[in-house]
C-alpha cells in the first residue's frame, strides 16, 4: 500500500507571541490525500505480539491527524526537545549529495533520526522502504505495551522547523512530532504487514527543502530496520533528477573550474621550462598541487553528474576522495614550505619547521577520513555529528599550524635586517611574507567562516552559490601565491640595486613591529 499525502503547508500562519507565549490556532481541516495506486500486496494476519493489524488508509490518516497519542512522561518531552535541538543543529551542516541510499539501523533509541535533506520542485518524489523491522523493550517488565502508531517516518519543510520547535516547547504533556500539524506523516508502524516491511511514496505538492526524519515517541523501545530512500525531482521529459534543486548547476561549475586549473597548470609548466635555471623543488610541488586540484574537480563533476542521472556515483566518489586527500596534503605542505622560505630562501628546514609538517600531514589524514565518513554515511549514523565536529576541529588546528612558519620567517627577516647590512633585500622579503601572511589568513577565514555564514543565508535554490564563492576564492589565492613565488631569473624580492639600500634601511628603522 502506497500513501501520498498532500505536502501543502498549512494555510493558517502561526499567531504572534502573546505575553511571551505562542499559542497556535486550531489546525485547519487537512487536505484530501492524493493516493497513487500501487501493485496489490498479499497480507497475512499480523502476529499480535509484535504489532496490530494494519488499518485501512482512512483509519491511518484519521489516527495521525486527529487523535492525540497517549500521554507521555515528562522526561520524554525533555528528550524530544533535546533531539529536536540536535536536528536543528545538524541541519546547518551540509549533508552528502542526495542519492539513492541504504541504511541499517540497529537497536536505536533516538527520538528523531534525520535521514536526508533535499530541495524539491513541485512534482518531486520521496520514497521510503523499510524491511526487517523489529523492536524490543528496554524495560524488564513484560507488560509494557508497544504502540506502533508512535513510531513512523515524517517529512518536514525547512520553513516549519521553527514552528515545530515552538510547538514542542508549548505543548502540554508529552510532545510527539507525529501529532504536529506542521509535520507530514508518510507512514507509521501501524502500516507494517506480516513481513514487517513497508514501501511508502509521496508526491511533493509544493516546492521547498524537505527533511526526512524517523520519529520514535516511545523512549523505552529500541528499533532495528533496513531503510532504503530515494529522493528526486522530475524533469520536463519525465526523467528523474537525483540532485537537489540547489545543486543542479554544480556539475557544470566543477567542470569549468577544472578546465581553468588545467590551463593554469599548462601555464605554470611553461614558466618553469622558460626559467629552468631558477626552478626549485618548491615549484615542482606547486605544480603537483595544481594537478591534484584539477583532477579533484574533474572527479567532482563526474561524481555529481552520475548521481544526478542514476542516483549513484559509479565509483567516482572513491577517486574524488583520493585526489581530495592528495590536494589537501599538498596545499598545506606548500603553505608551510613557502612560509619557512624553504628551497628559494634556504635549502633546509629547521627542527621546529619539520615538527609543523609532522603535525599537519597526519592531521590531514584524519581530516580526510572524517570527510569520507561524513559524505558516505549521512546524518542517520549515530556518530555523524561527532565526525562533523572532528572535521571542524582538525581543520582549525591545521589552519592555525600553518601560521607559525610564516610568523617565524617574518621575525627572522626583521632580526637579519639589523645585522647583515642588506636592508633593501630584507625589506622586500619582509613585505612579501607579510602580504603572504595576510592573504593566507584572509583565505582560510573566508572559506571557513564567511562561507558558512553565507550558506546559512542562502535560499535552498541557491546553495550552489557558496560552492562558487569557495572555488573563486581558492583560484584567487592560487593566483596570488603562484605569481609571487614563481621562478624568475632576477626575482625583485631577492635582487635589489645598491641605491635602494639606504632608503630601505631608513624604512626598517622606522618600521613598527608587525602585529600578528
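Using the three backbone atoms N, Cα and C, a Cβ is placed for every residue, glycine included.
Where the annotation comes from TrEMBL, it is an automatic prediction and has not been curated.
Listed in TrEMBL for this protein:
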REGION    1-62  region 'Disordered'
COMPBIAS  24-38  compositional bias 'Pro residues'
DOMAIN    101-233  domain 'CAND6/7 N-terminal'
DOMAIN    249-491  domain 'GOST seven transmembrane'
TRANSMEM  253-273  transmembrane segment
TRANSMEM  285-306  transmembrane segment
TRANSMEM  318-344  transmembrane segment
TRANSMEM  356-375  transmembrane segment
TRANSMEM  387-408  transmembrane segment
TRANSMEM  435-458  transmembrane segment
TRANSMEM  464-485  transmembrane segment
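Across the domain 'CAND6/7 N-terminal' (101-233), the DSSP tally of helix, strand and coil residues reads 22 helix, 70 strand, 41 coil.
The stretch with the most CB contacts under 8 Å to the transmembrane segment (318-344), chosen from 253-273, 285-306, 387-408, 435-458, 464-485, is 285-306. For the transmembrane segment (253-273), the list of distant contacts is 279, 283-284, 286-287, 290-291, 293-295, 297-298, 300-301, 304, 464, 467-468, 471, 475, 478-479, 482, 486-487: same-chain residues at least six beyond its ends, Cβ to Cβ under 8 Å.
The transmembrane segment (464-485) makes contact with the transmembrane segment (285-306), as judged by at least three Cβ pairs under 8 Å among residues 6 or more apart in sequence.
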